[in-house]
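Listed features, source TrEMBL:
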type	residues	note
BINDING	Arg104, Lys144, 149-155, 181-184, Glu189, His212, 266-267	ATP binding site
DOMAIN	108-296	domain 'ATP-grasp'
Amino acid sequence: MLQAGSTIGIIGGGQLGRMLAMAAARLSFKTIILEPQADCPAAQVANRQIIAAYDDRAALQELAEACDVITYEFENVPVEAAQFLATKTIVSPPPLALEISQDRVAEKQFLNESDIATAPWRVVDDVEDLIAALGALNERGILKTRRFGYDGKGQVRLNSLDNEAATQAIAAIKNAPAILEGFVEFTREVSVIAARDKAGNVRIYDIAENVHKDGILDTSTIPAEISTDTAVACARATYNLLHALDYVGVLGFEFFVLPDGSVVANEFAPRVHNSGHWTEAACAVSQFEQHIRAIAGLPLGDPKRHSDCVMENLIGDDVLKVPAILAESDAVLHLYGKAEARPGRKMGHVTRIKSGK
Ligand code: AMP
């Protein structure tokens, strides 16, 4: 168990790192952020920033020497960097979780091997593969790059077995190694935010129902309108995944709900998750504190929710709504300290408390 005053390293300087650093401070831990961009959102609230690339060996060495445990706030941290750090100090979640989540093919394989259903999928390296995959998956699917896709980037929807469209799709993703996923006719998208500690204890927050706009999360509504059976299926898959990874920390896991109430997994993120931001307003212990507790070896908190709520992301010019939000009652506002409001940039979020539970 980390003692008060111990230091936690966070790789990545975005809003998730910022909220982790704030939660760490509340528990009397210090934080050091490794991030190449100066004055990043996380460094504004941390004790120190090491300004260097995520794979800079000297910087990683410095971070390892200064920290009692190291975590990360985004899933594209170079795996070699995490593995290097793990030879020097404790890294949580385990680098294996990073490695698997960075490659959609490895992720689907791991999920399927852990008895977790996904959309049907095929590996696609060229136009011929794509044509064959479309033929195998009812001529309809979503082509996704295996790596570095986020917020719907690097994805092309295909609706027919058409050579021209397939050629264009492969060109659109710049011939990158890819996967074709069968198109899932879902009724809802939901996500599970869960934590596991070193002893294998698991805590799961109530499931969020998510709506995306232009490929970016727009709102998370809690509770999701799903049956108990559906919630149990999501929870069971999450348990399986956490244990299969020997995971320590908080993880976000997205699912599609089918018309019959069954679920298929979409993807997981080995970190705190945008669809869990509501926990800071509607739970005694937020996902950020839960993550810090897990990696610090402290007992996990009770994930129960005291209110229904809706979290809304403030993207780009949405920050102009801030004065109106400040005038609302029951609105919990969180801004990320980003100076420039570019289109598609997450500037903050607001959680509106709907009722006592
Ligand atoms: P992803 O980046 O994989 O989470 O995909 C972004 C969004 O595209 C998801 O939130 C869904 O709305 C949609 N989507 C992704 N994969 C599929 C699929 N296999 N079938 C239907 N819709 C999908």
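From the backbone N, Cα and C atoms, a Cβ is placed for every residue, glycine too.
The structure, with features from TrEMBL marked on it.
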residue : record           : contacts (Cβ under 8 Å, 6+ apart)
Arg104  : ATP binding site : Trp121, Lys144, Thr145, Arg146, Arg147, Gly149, Ile179, Glu267
Lys153  : ATP binding site : Gly215
Glu181  : ATP binding site : Thr118, Ala119, Pro120, Trp121, Leu137, Gly141, Ile142, Lys144
Val184  : ATP binding site : Ala119, Phe256, Leu258, Val264
Asn266  : ATP binding site : Thr118, Ala119, Glu189, Glu254, Phe255, Phe256
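For ligand 1, the nearby binding-site residues are Asn266; that is, of Arg104, Lys153, Asn266, these have a C-beta under 6 Å from one of its atoms.
Per-residue confidence over the domain 'ATP-grasp' (108-296) averages out at a pLDDT of 96.
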